[in-house]
Amino acid sequence: MSRGDMAKPLLGHGSTEGDPSVTPASGRTIGVLGSGDFARSLAIRLVCSGFKVVVGSRNPKRKASLFPSAAEVTFQAEAVKKTDIIFVAVFREHYSTLCDLADVLAGKILVDVSNNTEINHHKESNAEYLASLFPACTVVKGFNVVSAWTLQSGARDGNKQVLICSNNQEAKRTVAEIAQVMGFTPVDMGCMSSACEIENIPLRLLPAWKIPIFLALGLFLCFFTYNLIRQVIHPFIREQKNKLYKIPIEVVNTTLPCVSYVMLSLVYLPGVLAACSQLYYGTKYRRFPDWLDQWLQHRKQIGLLSFFCAALHAVYSLCLPMRRSHRYLLIETAVKQAMEKKMNIWVEEEVWRMEIYISVGIIALGLLSLLAITSLPSIANSLNWREFNFIQSSLGFIALVVSTLHTLTYGWSRAFDENQYKFYLPPTYTLTLLVPCTVIIAKVIFSLPCIRHRLLRIRRGWEKGRYVKFVLPSATGEYSSGETSSNV
C-alpha cells in the first residue's frame, strides 16, 4: 500500500455518527508507545480512522519519518501526558524501561498488544505482568490477534475480531469503542485471567487442521506403501525388473486418488454414524461421543484436503505422457507390434473404458471444486442456509457417487483378473471402495420413507419413550383425553 493510500480514510465516519456508543471514541487522542512495525501500522490505522495519535519514542527525531505526518512523534513522557489511552506496543522484556513513567501513567488505560514467542512461555500473561508493574493503571489486553498487515490494509483483508479482556468494565468498553471505529469487531473475553489464552491464539498453527492433516498423511503413507509393494517390489522379486523410476510420479499418482476418495467418504461417514445414533436412541438430545463430535467439526478441513489430493492427481495424470520412461515404453510397444506385423491394435472395450473413466473423473473434480469454493467464508456468507446445505450435502453426495463410478470404471473387469493380485494382494482401488460404498448404501437406506420419516421426526424434537396427550372421540360423540407413549 502506498503512502498516499494510507493517508486516505479506510472507513467512512458516516456509519458511526448515529451510534451514541461509538461516536464519542472518534476524535480522541490516542497514545502509542513503541516505534516497531506494529506500532507504525497501528498509528496509521488510528489516523485513518479519525483519531489524533501521539507516538512516544526514545528517538523521536529518527523515527518521525516512519509514521504518517498526521501523527505526532515525541518522547515517551510527553506522549503519555497528552492522552489517557495508551497502546503499549513494546516487547515484554522492555516493559521495565517504562517504569520511569509510572507516576505519569497513573490512572491511565494501558492496552497491551504484545505476544510471546512460545505458548505458555511465562507463568503469567504479558498483560498480567504489565499490570503488576503499573498497579495504578488499568490494563486491557487487546489487538494482539490482529496483524500489522490487517491494520494497514483494513479489516476486510483479515480477521475482523479483536479479543479484549480486562478486570475493568469501563476500560473494556472504551477500547471496544475504539476497535469499532477502526472497523473491527470487539469480542469481550472476560477478566484479565483470559489474557494468557488470548496471547496463545496467534501462536497456534492451524489448530483445526492438525487432525485432518495427520489423517491425510497416514492414509497417504498406507496407500503409498501398498502401491510400492505392488508396482515396484513385486516385479523386482518375481521378474528381476527395476521399476524404481515409478516412485516419483506413477506410484504417487496412484496413491493420491485413493487418499482423495477415502477422505471424501470420511466427510459423510460421521453424518451416517450420527444418524444411526439418533435412530438407535430415539432422540437428538443425547450427546455424541467426543471422537464423533470432533470428527463432525473437522469435516470441512477433510473435504478441502480431499479436493487438494484430487487436484494433484489431475495434474500428475496430465504429466504422465511427458515422462521419458513413457516415451521409451511407447516406442518399445510400437516396435514389437511392427515385428509381429499387427496392423490393427484397436480395442473397443478399452477405448470406451478410458473415455468414460476420464469423463467421469472430470465431472467428479468439478463437483469437488464447487464444494471447495463454497467452503470459503466469503462465498458461504453469500448463500442462504438452504443453498449451502444443498451444495455441501446433496451435491457432495453426488460427488461421492460420481467418484465411485470413476473408480469402478478404472477397475472395470480387473477385479476378476488373477494377474492383478500381486503377492495375493487385491488391487488398490478395491480397498478404497469399502468406506465409500458403505456410506452410499447407508444413505440409500436412510432415504427409504419409513426410516427417513422417523429420522426427520427425531430431528424435529420427537423422542422415544416420551408421553404425549391425545384426544379421541367416544361412542357417544364426546371427546375423552388420555396419554400414550410417543414411540407407538
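The backbone N, Cα and C atoms fix where each Cβ goes, and this holds for glycine too.
All TrEMBL annotations are machine predictions without curation.
Here's what TrEMBL has on this protein:
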- 1-25: region 'Disordered' (REGION)
- 29-116: domain 'Pyrroline-5-carboxylate reductase catalytic N-terminal' (DOMAIN)
- 211-229: transmembrane segment (TRANSMEM)
- 259-391: domain 'Ferric oxidoreductase' (DOMAIN)
- 261-281: transmembrane segment (TRANSMEM)
- 302-323: transmembrane segment (TRANSMEM)
- 356-376: transmembrane segment (TRANSMEM)
- 388-409: transmembrane segment (TRANSMEM)
- 429-451: transmembrane segment (TRANSMEM)
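With a cut-off of 8 Å between Cβ atoms, the residues of this chain six or more beyond the transmembrane segment (429-451) that come close are 223, 226, 257-258, 261-262, 264-266, 268-269, 272, 275-276, 279, 397, 400-401, 403-404, 407-408, 410-411, 415.
The stretches the transmembrane segment (211-229) and the transmembrane segment (302-323) are in mutual contact, each linked to the other by at least three Cβ pairs under 8 Å (pairs 6 or more apart in sequence). Packing against the transmembrane segment (388-409) from elsewhere in the chain are residues 257, 260-261, 264-265, 267-268, 303, 353, 356-357, 360-361, 363-364, 367-368, 370-371, 374-375, 380, 429, 432-433, 436-437, 439-440, 443: each is 6 or more residues past its ends and has a CB under 8 Å from a CB in it. Per-residue confidence over the domain 'Ferric oxidoreductase' (259-391) averages 92 (mean pLDDT, predicted model).
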